[in-house]
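> Please see the structure below; I have some questions.
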Amino acid sequence: MSCSGAEMGRSYICVGNGSHMRSYFTFFSEFQRDWGAANALEASFMLVLSILSVFSNSIICHFILKSNTMRTVTNCFVCNLAVADIAFCMSAPLVASVRVNENWAVGRGVCRLLVYSMNVCGTVMLWTMSAISIDRYMNINVGVASNRRLRKWQVVCICVLIWLASAICYLPFAMYFNIKEGTALRNETVTVCTLVWPRDQHLPVIFISLQFVLCCFIPVTIISLNYIRILKKYWKAKRAIESFASTNVRSDTRKESRVRKQQQVVRKLVLIVIVFVVMWSPMFAVIVLVEYDVTKGLNFIPSSALIWALIVAYCNSLVNAVIYGSIYVTIWNAFSGCFRRQENNVVAATIAVNNNPANPVTSVHPANVKH
């Protein structure tokens with residue numbers, strides 16, 4: 001395989017001699033860059049985004065877990081999403097340190113687990129979104145009876161199964177990521193963490209094709225179909241309420257308000273999915289291009305392309321937390337609105353009792369008046 005190309009010695013290293021030479025993509029390392037501060041800039045972006053993401057997603061988890069009223073089925077799934085976001089962002093300091101130091105110096109075990117864990121977290125997020133869409137569809141469109149809805153222990157079991165299945169799916173990454181020493185520019189010997197497939201060229205194609213179908217196409221299709229049906233139902237309900245309101249002076253404003261709030265929550269859940277797909281697609285696309293690049297011996301994809309795609313994925317974790325927070329602001333406002341109405345009713349009832357002349361507590365009897 002050819003050890004030539006635009007990025008050879010920078011984002012690709014050459015291993016072997018003579019006819020046994022082979023090029024490997026450096027993934028997180030990049031050598032002899034034209035702008036020396038580029039690595040530090042990328043590392044800074046990753047660290048800032050990861051700190052903000054971990055902090056904000058931790059707040060979301062705390063907000064859900066601290067209150068019994070907030071531990072609904074959907075919120076438990078959202079908590080699993082936040083945990084996956086936190087786990088994904090925990091990789092940022094390690095990637096940033098490798099980016100700055102260039103050489104891989106943290107061992108073979110970490111090399112095997114880093115990309116593996118990042119892909120597991122991404123798949124967990126997508127399948128958890130699928131589970132949320134299924135639960136929303138069953139409750140809203142099918143109308144599952146309350147005694148047949150998911151219990152919290154069932155939600156926990158589903159989340160555990162999603163983690164286990166995702167971990168099994170990406171085992172080849174844990175098996176074939178390894179440390180390699182090779183030659184960079186100026187014949188410098190460097191150490192990188194890279195993907196070392198067996199000689200069979202069909203294995204990478206089979207693996208990536210299966211990952212696309214199982215970890216992308218199927219869950220995105222499930223999510224799309226469920227939310228399209230849900231939104232159609234809400235649109236019908238909204239039109240029915242508007243039609244009823246136009247013919248009746250005393251319309252059910254509470255029902256209309258409830259439908260509107262549910263629509264807002266569903267739209268934000270849909271927004272989470274759209275943002276996830278848009279912001280994770282660059283990383284998947286870069287990995288596919290890199291595999292094609294290495295297989296054909298072209299060696300033209302820079303490592304910085306993967307790093308910036310990864311930065312966008314880290315940014316997605318922060319955006320997710322913002323959207324989660326906006327959902328809970330809507331829910332909290334609904335709860336606090338109900339609480340305020342109950343409080344106002346209690347105050348009004350107290351005033352009515354106090355203003356009642358027959359009330360022995362507050363009425364002043366002439367015998368009690370001191371002259």
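If you go along the chain as it appears here, the first residue is 1 and each next one adds 1.
From the backbone N, Cα and C atoms, a Cβ is placed for every residue, glycine too.
The shown structure was predicted, so the numbers you read here are calculated from the model rather than taken from an experiment.
Sharing the features that TrEMBL gives for it:
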DOMAIN    56-324  domain 'G-protein coupled receptors family 1 profile'
TRANSMEM  43-65  transmembrane segment
TRANSMEM  77-96  transmembrane segment
TRANSMEM  116-134  transmembrane segment
TRANSMEM  155-177  transmembrane segment
TRANSMEM  205-228  transmembrane segment
TRANSMEM  269-290  transmembrane segment
TRANSMEM  305-331  transmembrane segment
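Any idea what these are sitting next to in the structure?
Beyond the ends of the transmembrane segment (116-134), by six or more residues, the same chain brings 74, 77-78, 80-81, 84-85, 87-88, 91, 158-159, 162-163, 165-167, 169-171, 173-174, 177, 211, 215-216, 219-220, 222-223, 226-227, 230, 269, 272-273, 276, 280, 283, 313 to within a C-beta distance below 8 angstroms of the stretch.
Through the fold, the transmembrane segment (305-331) approaches residues 27-28, 30, 42, 45-46, 49-50, 52-53, 56-57, 59-60, 63-64, 70, 78, 81-82, 85-86, 88-89, 92, 95, 99, 122, 261, 264-265, 268-269, 271-272, 275-276, 279-280, 282-283, 285-287, 289-290 of its own chain, all at least 6 residues removed from its boundaries and within a Cβ separation under 8 Å.
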> Give the one range among 43-65, 155-177, 205-228, 269-290 whose Cβ atoms make the most pairs under 8 Å with those of the transmembrane segment (77-96).
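Most contacts with the transmembrane segment (77-96): 43-65.
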> If we skip the immediate neighbours and take only residues 6+ beyond the ends of the transmembrane segment (43-65), which ones have a Cβ under 8 Å from one of its Cβ atoms?
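For the transmembrane segment (43-65), the list is 71, 75-76, 78-79, 82-83, 85-86, 89-90, 92-93, 95-97, 99-100, 307, 310-311, 314-315, 317-318, 320-322, 324-325, 328.
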> Which sequence positions outside the transmembrane segment (205-228), separated from its termini by at least 6 residues, show Cβ-Cβ distances below 8 Å to it?
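Sequence-remote neighbours of the transmembrane segment (205-228) are 119, 122-123, 126-127, 129-130, 133-134, 136-137, 166, 169-170, 172, 266, 269-270, 273, 277, 284, 287-288, 291.
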